[in-house]
Amino acid sequence: MTLKMIGCSHHDAAVEIREQLSFTENEINRTFELFGQRFADAELVLLSTCNRVELYGAGSNPASLQSDDLIDLVADCLNQSRDFVANHMIIREGREAVEHLFLVAASLDSMVVGEAQILSQVKQSYDLANDADRTGPITHGVFQAANRTAKRVQTETSIHRRRLSVPSVAIGEVVPEVFNRLQGKRVVLCGAGEMAEETLRYLKNGGANNLCVVNRSLDRAQKLADEFGADAESMDSLHDQIVQADLLIGTTSAEEPIVDASTFAALNAKRGGRIMLVLDLAVPRDFDPVIGDEPGVYLYQIDDLQAACNRNRREREKQWPKAKKIIDEEVDGFFQSLQQRATGPVIRRLRERADKVKAEELQRLFGKLNGSTDTAMQKEIEKSFDRLTNKLLHPPMASLRDDAADGHSRGLLEALRHLFNLGEDS
């Protein structure tokens, strides 16, 4: 068996490199087609996300697929030079490739460790390969094991339950302390940059359905609002939006507060005493800190939220050794299972060969004795032959099983095939 991976990720390739090595849906389909033409009996799974591009190739023997074959495949399918692909894609083989896949699926190799999206992306990549008829017993086994490993890490550690980004902490931990649910609450988000986009994603996932994006550029506000099913307004209408808001969020890059304390106090007075949660995620701050003293107003600023992120990060780091131990156990288990499956046919053929020789020798012996032994004596002779055969076979078979359990049976496996003439099909 051979398993090889070539790939790059945010760890080792800048975004401009990853962009040139990423695959569109059509390019993925073309890659599977070309791979099938070149390697009819080999297997391939292709994982392409915004943070990583990885190809997992497998074959029944080391000669069936080389790492250079995968590099050539990527270069041809993406119309890139071979040197460019080779210089920016890391090669992993065997155990290293399996361990890497398990780390990826368990979200231990992600930009944000513990984020849940990557496991579904790994599953989708396998499903695409399966639909293209490019999977087989090796990729099936290793991706099944990766899925099992990821679920163990999720259930046996708390590494996935700690939010690390400011928007995720703000929406996932702070908002539930003030509102039982976001559905029906008027959410006014100021800004239309990356922080605003990430915050909107968490808001939508949290059930928010009454959103408004306010920005100096109405065009940018509208573009972001359209993506998330929100209203769009210019900064000219900010005061009116504040009066309506239940949740007010600041993510702009303005150098001064977008509304001063006295203006906010006047607007809050028009709200009829309704509770308002203000999340100031901006640097510099979008809101004067004194608005937190207003009646019914709960203000959380970037430093409050960053402190929670840092606490969560420390808690996640404490869980890392436990998660890594699970990865190591599953990698060991995968290779033990693989080796045991490989040794099973050899052990069976060895037993069959010994039983055949034993039966032939018993038949020859009883023929020479020419009926001079009774049934009881023949049974004793057969038992003696059985004991002799078992004692002779036990050491090599036990050694083979032990080596398989340790993942090192290849050398002994080949030696037994050669010594006992068991053939490659075993």
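Using N, Cα and C of the backbone, Cβ positions are placed for all residues, glycine too.
Taken from Swiss-Prot, the feature substrate binding site covers THR49, CYS50, ASN51, ARG52, SER110, GLU115, ALA116, GLN117, GLN121. Taken from Swiss-Prot, the feature active site, nucleophile covers CYS50. The site 'Important for activity' annotation in Swiss-Prot covers HIS100. Annotation comment: Swiss-Prot describes GLY191, ALA192, GLY193, GLU194, MET195, ALA196 as NADP(+) binding site, evidence class sequence analysis.
Sparsest Cβ environment among the recorded positions CYS50, ALA192, MET195, ALA196 (other Cβ atoms counted within 10 Å): CYS50. A C-beta separation below 8 Å, combined with a sequence spacing of at least six in one chain, links GLN121 (substrate binding site) to LEU47, THR49. All protein chains included, GLY193 (NADP(+) binding site) registers 14 other Cβ atoms within 10 Å of its own Cβ. For GLY191 (NADP(+) binding site), the same-chain residues 6+ apart in sequence whose C-beta sits under 8 angstroms from its C-beta are VAL214, ASN215, GLY250, THR251, THR252, SER253, ALA282, ASP286. Here HIS100 (site 'Important for activity') is positioned 30 angstrom away from MET195 (NADP(+) binding site), judged by their C-alpha atoms. The NADP(+) site is set by GLY191, ALA192, GLY193, GLU194, MET195, ALA196; from the centre of their CB atoms, other residues of the chain with a CB within 8 Å are GLU197, GLU198, THR199, LEU224, THR251, THR252.
Put simply, HIS100 (site 'Important for activity') is 33 Å from GLY193 (NADP(+) binding site) when counted between their Cα atoms. Between the C-alpha atoms of ALA196 (NADP(+) binding site) and CYS50 (active site, nucleophile), the distance comes to 19 Å.
DSSP assigns SER110 (substrate binding site) to coil in the three-state reduction, outside any helix or strand. Nearest neighbour of CYS50 (active site, nucleophile) by Cα distance, taken over the recorded positions HIS100, SER110, ALA192, GLU194: SER110.
When Cβ atoms from all protein chains are considered, those within 10 Å of GLU194 (NADP(+) binding site) total 10, not counting its own. Taking only the Cα positions, the spacing between ASN51 (substrate binding site) and ALA192 (NADP(+) binding site) is 22 angstrom.
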